[in-house]
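So that you can see what the record holds, here are the features copied from TrEMBL:
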type	residues	note
REPEAT	95-137	repeat 'WD'
REPEAT	182-217	repeat 'WD'
REPEAT	242-283	repeat 'WD'
REPEAT	331-362	repeat 'WD'
REGION	366-399	region 'Disordered'
């Protein structure tokens, strides 16, 4: 660390290299925070978490009980041991609460004054954060599994919605109606995600084992159907169409630069794809346990070298290097299956939600004090209390 700082001061190192090195060290030392608790509000499992990108201070959670909670992650008490309190919540007594399980919550990407939520009650709600009242409600004919707003869009306000129907719905915030539908999947849409690089590119994952990339500007919107075999199917294969996994695909996540896409399936496999060519990069992550019947929310790091993926793995969270597939650590602390996790890029912290109803905070462990010249002087103070020392001696002089 001191070497990095000296080299930076002398202009010998890129300042970003120091930042990446320290961010990477912090991620690799993540542990359960014993001093920081998240106030428990949900009466049952937690499906989704999201940290707003403006200040990275407020976090939303959505549970199977239909409740939405807004937390303040900042330690205003300045005490080493503290609890992150709920600022407000849409509880069971709220007149506009979701009737069934909340599957996805997301902040409006450019302002904390608005957030969105979707639920098994077949609705997508647009909320005013200040009044905690819905500004708009979209109703669907089928159960809603997932929705997503583009983090980079400047020319459209579309929300992609995945439902039990095989059609992807695009809802326009400006007009307050569904602008158009993307057809191509054969079963329910379990996950949707906009590219963080191109505002018109959308990825969708379905129970039909397929992942599709779409350009929503085009009439025939589907660009690519991802193929796990890269076009080299075995002769014995009876598949008529490309498949990304050999099971339901219930997890999607772009890397932060948008150049690659991670997919997660119930075949216990995670795959990394080139988002431009649709090529399977064939990175081997080994078996990645996935028993979820609905969407699973996983996330990636930001500003590290290499970058990492944080993936729910039963009642633990597995940390993988994205481009080499190495499993670096397993974070255990939940009493039941983990369904979602979200990364805090400013402090390299991780928050996870599970079916046990708990939200856990994972923070970098403190550095061990480095030995220095004063360590010799401190040793006498660190010796065992004389009362516990053995005074026996075999020396004749001691009599």
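From the backbone N, Cα and C atoms, a Cβ is placed for every residue, glycine too.
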Message: So if I exclude everything within five residues of the ends of the repeat 'WD' (242-283), which remaining residues of that chain have a CB under 8 angstroms from its CBs? That is, six or more out.
response: 190-193, 195-198, 201, 203-207, 209-211, 213, 223-230, 289-300, 302, 307, 309, 311, 320, 322-325
- prompt: For the repeat 'WD' (331-362), what are the DSSP-based totals of helix, strand and coil residues?
  reply: 0 helix, 19 strand, 13 coil
Statement: Its residues classified by DSSP, the repeat 'WD' (182-217) shows 0 helix, 18 strand, 18 coil
